[in-house]
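Data first, discussion second: the structure below is written as structure tokens.
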Amino acid sequence: MNTFSQVWVFSDTPSRLPELMNGAQALANQINTFVLNDADGAQAIQLGANHVWKLSGKPDERMIEDYAGVMADTIRQHGADGLVLLPNTRRGKLLAAKLGYRLKAAVSNDASTVSVQDGKATVKHMVYGGLAIGEERIATPYAVLTISSGTFDAAQPDASRTGETHTVEWLAPAVAITRTATQARQSNSVDLDKARLVVSVGRGIGSKENIALAEQLCKAIGAELACSRPVAENEKWMEHERYVGISNLMLKPELYLAVGISGQIQHMVGANASQTIFAINKDKNAPIFQYADYGIVGDAVKILPALTAALAR
């Protein structure tokens, strides 16, 4: 048996739902999707859900993962085994841990490949900081997986599809975190997963002010701006949501233009699936050139304005 009888899908990030649904179609005969509102439910049915389970009644101060109890109860009530697919977001991983405990299921994070053999899930994901691929065969009746972005292509909606809708009522867990306040974060983040062209900057750009040069190039060619982990995590020059690498974004654009990025394996795991990689780096021995289809050895601060002017013509 190379499919599960049923799969359960949930995404706290609506943009990740289409790819999870496409994976679900390949892995199971029946697709159940948990959603938070009617709009997401309608989208899930168009993407192939046979049954939609609307999570309802959570107080605003409680976290999404507090639905784990009623989600696990629902899953158990409808089968003695099954596969649970979640995005590898922070909320997704927290929910995966809670579901794994309640379902007595093995949990595997950041899956890059999922297959079914003899009714059991086989999962591949990066290990040792991206230096190798690890393979796990999950033996528990239920398997809970968080899926890396780009593992599956996005499912296409079909308005002619139909499905059944159910409601799952909130039940307060015995122990939970209560949100006492929220603070809006200033962010210009975009959905980089869908970008055709990406310009990504590393510390080799020199300063936060020099990132404006990359932004001008983005405007000239219609690209989105990304960065390496040190730019976001160490220097705080850009938002966390924009860094590319094994522990965050895994991109597959048509063009990935790496500016001042050395090309360490942890970063390249997130960019190596790009159709074309173009690198600019002053160090001719930088590892990035081992991955690049095209490269320029030189100072990005001098090269970017000239490149922008040429491409803007």
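Glycine is no exception: its Cβ is also placed from the backbone N, Cα and C atoms.
Quantities reported herein were computed from a predicted structural model and do not represent experimental measurements.
Other C-beta atoms found within 10 angstroms of the C-beta of D283 (FAD binding site) number 13, with every protein chain shown included. Annotated FAD binding site per Swiss-Prot: 255-283, in sequence order, evidence recorded as sequence analysis.
Comparing the binding-site residues L255, V259, A271 on other C-beta atoms within 10 angstroms of each C-beta gives the minimum for L255.
In sequence order, G202, S228, R229, V244, G245, I246, I261 make up the list of same-chain residues 6 or more apart from H267 (FAD binding site) whose Cβ falls under 8 Å from its Cβ.
The sparsest Cβ neighbourhood within 10 Å, among the listed binding-site residues (G263, Q275, A279), is found at Q275.
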